[in-house]
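Here the structure is laid out as structure tokens; the discussion comes afterwards.
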Amino acid sequence: SFFPIWKSAELLKDYKPGDKVLLLHLEEGKDLEYRLDPKTKELPHLRNPDILVGENDLTALSYLHEPAVLHNLRVRFIDSKLIYTYCGIVLVAINPYEQLPIYGEDIINAYSGQNMGDMDPHIFAVAEEAYKQMARDERNQSIIVSGESGAGKTVSAKYAMRYFATVSGSASEANVEEKVLASNPIMESIGNAKTTRNDNSSRFGKYIEIGFDKRYRIIGANMRTYLLEKSRVVFQAEEERNYHIFYQLCASAQLPEFKMLRLGNANSFHYTKQGGSPVIEGVDDAKEMVHTRQACTLLGISESYQMGIFRILAGILHLGNVGFTSRDSDSCTIPPKHEPLSIFCDLMGVDYEEMCHWLCHRKLATATETYIKPISKLQATNARDALAKHIYAKLFNWIVDHVNQALHSAIKQHSFIGVLDIYGFETFEINSFEQFCINYANEKLQQQFNMHVFKLEQEEYMKEQIPWTLIDFYDNQPCINLIESKLGILDLLDEECKVSMIFLGSLDGQIDPRLSNKAFIINILLTSKEVEYQCEGFLEKNKDTVFEEQIKVLKSSKMLPELFQDDEKAISPTSATSSGRTPLTRAPAKATKGRPGQMAKEHKKTVGHQFRNSLHLLMETLNATTPHYVRCIKPNDFKFPFTFDEKRAVQQLRACGVLETIRISAAGFPSRWTYQEFFSRYRVLMKQKDVLGDRKQTCKNVLEKLILDKDKYQFGKTKIFFRAGQVAYLEKLRADKLRAACIRIQKTIRGWLLRKKYLRMRKAAITVQRYVRGYQARCYAKFLRRTKAAIIIQKYWRMYVVRRRYKIKRAATIVLQSYLRGYLARNRYRKILREHKAVIIQKWVRGWLARIHYKRSIHAIIYLQCCFRRMMAKRELKKLKIEARSVERYKKLHIGMENKIMQLQRKVDEQNKDYKCLMEKLTSLEGTYNSETEKLRSDLERLQLSEEEAKVATGRVLSLQEEIAKLRKDLEQTRSEKKTIEERADRYKQETEQLVSNLKEENTLLKQEKETLNHLIVEQAKEMTETMEKKLIEETKQLELDLNDERLRYQNLLNEFSRLEERYDDLKEEMTLMVNVPKHGHKRTDSTHSSNESEYTFSSEIADTEDIPSRTEEPSEKKVPLDMSLFLKLQKRVTELEQEKQVMQDELDRKEEQVLRSKAKEEERPQIRGAELEYESLKRQELESENKKLKNELNELRKALSEKSAPEVTAPGAPAYRVLMEQLTSVSEELDVRKEEVLILRSQLVSQKEAIQPKNTMTDSTILLEDVQKMKDKGEIAQAYIGLKETNRLLESQLQSQKRSHENEAEALRGEIQSLKEENNRQQQLLAQNLQLPPEARIEASLQHEITRLTNENLDLMEQLEKQDKTVRKLKKQLKVFAKKIGELEVGQMENISPGQIIDEPIRPVNIPRKEKDFQGMLEYKKEDEQKLVKNLILELKPRGVAVNLIPGLPAYILFMCVRHADYLNDDQKVRSLLTSTINSIKKVLKKRGDDFETVSFWLSNTCRFLHCLKQYSGEEGFMKHNTSRQNEHCLTNFDLAEYRQVLSDLAIQIYQQLVRVLENILQPMIVSGMLEHETIQGVSGVKPTGLRKRTSSIADEGTYTLDSILRQLNSFHSVMCQHGMDPELIKQVVKQMFYIVGAITLNNLLLRKDMCSWSKGMQIRYNVSQLEEWLRDKNLMNSGAKETLEPLIQAAQLLQVKKKTDDDAEAICSMCNALTTAQIVKVLNLYTPVNEFEERVSVSFIRTIQMRLRDRKDSPQLLMDAKHIFPVTFPFNPSSLALETIQIPASLGLGFISRV
């Protein structure tokens, strides 16, 4: 029995023998008094130390018992969210009922290749262990997955198969791994259903054998099935469903292709509505149907077969709706034209009447007669259900067979891994035949498991050579014997079925007579539980009866005819149970062969017997393989996520054998340590004298002192074995020792701190005293100073007060005196002023009186004058009145008077003007005034006469006055009206002004509003600008990210393309090998494609005659025996090569000696070359320089004409004309220079008077000259002089001919100018025409025109080249003629010289100026030498020698110079062929030596350099900015190689990705060991106890990688790339990628290893990262972005070290870990494990706080980093400053067939 719930508690009081009560404090916070059993007095189980709680392996626990196991599982499952745990060889998997992100491809890659103990427990670790053992031991493997329904068995098996499919791949292009995975949705749809315990419960067992070839790639699979639960087709319990496929069909009933099935809602069918739960939450049956159909298609089930399957399934649903009507108690009928039956018959293609008849009747056959008997309604219903179950079972088997056919492979299977998805023990309230078979199978599997565990324990003890005793373990053989032995339950069932006797009574009597006749009990010892089985239905289920007549009706069906072709099998009891599960089916390929009689006899076996045979076959298979166990645990019955029910968990742990494994381990020595690990962990318990050089002896000595009972441990060969609890005891001793050491350290540190504090306080007190006393002294001194200062202030203050008082009095006296004196003075002044004013008043009064008197006198006189004048005027008026009365007379006398008056008036006005002018001039013209006075007087008199005449006309004026009066009235009226109008106007003006003022105010307000709005608009514009800038920045970043994504996508596609291309090449080679069947003898192989791994390549002769064996053998095959003839040939060839090498060495030594001797002779007697060779070389150089100059001049002329191609281009002063004149001038100057050279030559020849001496023809044919002064014959001198004169004449004639040729060329240039002018006019016309065209036609026309122009240009250049060739040939002929003449002359002279006259004195050579050959930076090769060029420069080139001895990128420069020459020749075929051969050859080299970093780096560097050269010399302005003028001359002229640049760029990307893969393969084995496992800082982290799965030790062994190994490898990579001349930017990208790989792999392993998540490991990681950063600084690569890629790892290390308790800590973690995702942060916190007792675990509440704070963060849910991610690579343009013409080709490259141009 077990406790209902185990609880953790802590003792509050030490236990003493005799105590009856324990005082405990529970984890829940409550106190408990626990009473001991008075009889047994057993104490509660001890709990493991905190550092062992949460271990990955339950066997690592020191105390191995049930509560410790349960507590460890609960802590891992609830607190750490870890669902997998090891228990020895068993993987315990707890169903989380939640989707977890731990099954992605990144997790698969992380577990691939790892040891099982190095990573956290996972189903992938078990799969990897099985895959690795299969490859290592060449033994088949099995993964046995068991557990209750709903525990997750199917999911575990599915993930195991996914792992195999992902890791191994397939051996063919048939996508076998996809088919293996595609079988899952098909089998789940037809074999899984919803139960009360599981929404996707497998209602059958299956064993899938995944087959592998010799290279361990998936080639196929085979599936065996067990016990399909057919009863579910016709009956479902409450809250359960039928098989998924039926609901998928109903959900897809509206599809057009399913209309014919006439389906509806699932609730409308009897077979799908009984459970009352047709819908599963979160599952879309329609989408699942799509997935099922896709899987069927992938597995090769055609659409017609699929529709046949769906018709049969729909027919089963309609068959379930067939109803029966009772006639009487023994017969029944089906209603006529019953629609469900009619639909069933239509879908199945059978006759309605026949099926209707045999559903209600059955045939009884006797020995003589056959009877047809009606059956009752209940029997008919049972027969209908049996038929439905039979059809479904046959369909299930048919689908399984087709799946196996699709998964079957023609390739021979080398090994396999089997995945067994088997049901666990099932116990229900009512247990029937199905549960009996299931539990029988589990008993067999449990027995096999127990034996395997015991075997492993025994092997471990024997391997370590320690004594062992037989461990008592549970043996369930009696239970198995009860079931399968003779006269067992299965035999009794078969016996009852054979004799058709009543089963219940006899069986019950034989099994358990205590019970009633309806049930029996079997005690399962493993679970200590009795299971009661109900006997009702046992016999029928074992017999599995289906009516033969119904089967015969189905035979006529046209739907899947092969489904019912084995009718005898269907009728026999061997097909399937009527309400049980189908038996195990063998694969079609492995079907047994026998006679028909044997088959019929075999088919008569019952279901139980067949199941027993199938189970025995399965056990044989499992025993022949290496098993791996996965035990699935269901944590609760309510499907709550991460909810742990301890009671249910214990039941399942007992049932699946986990606790039995623990018990077996605990019975022996469960804890195992290697000697090195024990020493590292418990070194603290040893004294210095105990430590010896021998670790094993040291551990023995220490253990003998620490553990006195020698039975508690055993010393093995490599390990120390401990009994249960001993490791906990050692941990306690270690913790006590560390605690004592901590206390001593604390005591010492606290005393030191307190002493420091006391000294600091004493020093502070003395300082305070000193400052206080100083302060007091300063205060006293200040008091004295203040007292003295106060006295002085008082003295001066008193003096100031007295003096101030005196000054005030004196000032007051002076003020009084001044005021008084002022007052007296003012009085005196006022008196004088009054007297003075009185005199003035008198003066003015007297004057006024005199003036008044004078004015009165004048007024009186004037008045008298006026009276007199008035009287005289009256008299005159009377006269005028008399004259006025005679008007007619007045008119006659004064006709035209008015005009005269007007004229006079005008004249008066003019005179007035003149008068005024004259008056103004009076002051200045006094001299003329007197002379003009008389004239003015006369004028005045005349005017007076005119005035008198005017007075006469006054009368007429009076007559007009009346009219004037009228006019005045009108004027007044008009004025009044005007005044009124003006008033109105004023009012209007005022109103207008008021309105204007109002408008102005409004305008002011509007202006203010406008200004406000403008301000707001400006602010908004500013904000919008800032927002737009931010958006622009964000969009720019997003575009950059999109660009990087697009670049990454493109490069991934490129990578996939290259992979497919390689695959295509491999397949092509395989096809070639298959087509070309090898014959006897040697097979011929191309020397450049030899698979020999040697770096040396034999010559083509040897390659043609000898065979180099190809390494195509499989890794597991034996090597082919060595061909001795080939070996002898090779040995002979090596000897010959050594002899040739020795001969070449001797020849080299001889040549060196000759060179030394020649140098000695030259020192004695300097030699000069003959005149003929000197002259030939001189002329050749002259001709080459002439041709070069002509080409340059022609190019300059064309350039000038192209710059300004106007009609006036030929005018004098135009650029082309000036260039032409300059060319002519330079030509004439060149002629003058040539003349001067001729004169110099002539003078030297004459002055020296050389003689010619013939040299020995055996050594050298060079003609030597001697001093002609030694010659005695004068005639000979004259003859030589005549010859020289002829030579000079010939030279002059040649110069004249050259001059004429230059003139002809100038004339030709003029003609060319004219043609260019015409061409320019034509182009302008074309341009005008093109501008009128639409854009598309314009582009086409311009392209056509450009093609025409280039064609004409090429033709012209070819003509010019031909002309130049003709000129060269003509000059060569002339040179030959001249040389012949010179030779004849010299021969004639030499005949006249006697041998005695020849002396050995040195002859001074002719000083002829020479010019070095000017190379154009091109390399010339023949078309037939292209393959040799590619072979020597690419295929057989050794990168190491080139990188060390030659300039970086030399192959790229050589290839480009060859391309330049082909471009110079305008040979497009040659250019295309060379570039294609180059690219293909590079690919071949990389395919052959693609795993060599140096090779890949070398060709990446050269490919980039070749690409940069094509850009630099392309002629595009963007790439020519950094070129020199000389480099610009070397640009390509004829071809645009932009497309090839793109191809080369793609090739560079592929090489870069291959380089990344190579360095990843090199670095990957080092990273985990160097960055995580190795202790760079020794002693920081201790080794924790481990279980059966031993981890890789962190102690540095000889073969262990360390951080120094990684740094050395990084240095090696960097130095190789630098030697190869790789671009610095590209090196930065490679380094960034390397650091990303290091960081990603390290972080991924950290996230998957619980033992690495500790404080000390965080310190180790941070130190390692700092070393990597130091390496970056040393290499000046800090700006490469590599450090940023390590940021997630740095933050993870910081997360391990920071405090993790309070909310402030949570806030700090959230702000610090911005490079980690939420899943990664939570995972690290969950995995955080204390190594020592002084560290604390992270609480669940703290992790939830972190999750709450990070819930708004939008990041990827992915847990692991993508270690395979490759950053998109770019190749920034990097021009070379190296001049092409300076490049020398070393002889070591073997390129003597190419020449520099």
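Sequential numbering from 1, following the chain as shown.
Quick reminder: no glycine exception, Cβ is built from N, Cα and C everywhere.
Keep in mind that TrEMBL annotations are predicted by a computer and have not been checked by a curator.
Residues or ranges marked as domain 'Myosin motor' by TrEMBL: 53-735. The ATP binding site feature in TrEMBL is assigned to G147, E148, S149, G150, A151, G152, K153, T154. The annotation region 'Disordered' is assigned in TrEMBL to 571-603, 1079-1119. As annotated by TrEMBL, region 'Actin-binding' applies to 615-637. Under the heading coiled coil, TrEMBL lists 887-1077, 1127-1203, 1292-1381. According to TrEMBL, the compositional bias 'Basic and acidic residues' annotation covers 1108-1119. Look at TrEMBL and you will find 1476-1752 tagged as domain 'Dilute'.
Tertiary proximity for the region 'Actin-binding' (615-637) is limited to same-chain residues at least six positions away from its ends with a CB under 8 Å from its CB atoms, namely 73, 77, 87, 89-97, 123, 126, 129-130, 133, 137, 139-148, 150-153, 156, 160, 197, 207, 224, 418, 420, 424, 440-441, 444-445, 448-449, 452, 584, 586, 643-645, 648-649, 652-653, 656-658. Residue counts for the region 'Actin-binding' (615-637) under DSSP (helix as H, G, I; strand as E, B; rest coil) come to 9 helix, 8 strand, 6 coil. The binding-site residues under consideration are G147, G150, G152. Their Cβ neighbour counts within 10 Å are lowest for G150. When other Cβ atoms within 10 Å of the Cβ of T154 (ATP binding site) are tallied across all protein chains shown, the result is 23.
Around K153 (ATP binding site), taking its Cβ as the centre, 27 other Cβ atoms fall within 10 Å, counting all chains. Computed over the coiled coil (1292-1381), the whole-number mean pLDDT of the model equals 71.
For the recorded ATP site, residues G147, E148, S149, G150, A151, G152, K153, T154 set the reference point as the centre of their Cβ atoms, and the other residues of that chain within 8 Å of it by Cβ are N95, N198, S201, S202, Y423, G424, C632, K634. Its Cβ placed at the centre, A151 (ATP binding site) has 26 other Cβ atoms within 10 Å. Cβ contacts within 10 Å of E148 (ATP binding site), excluding its own Cβ and spanning all protein chains shown: 25.
If you draw a 10 Å sphere around the CB of S149 (ATP binding site), it holds 19 other CB atoms from the protein chains shown.
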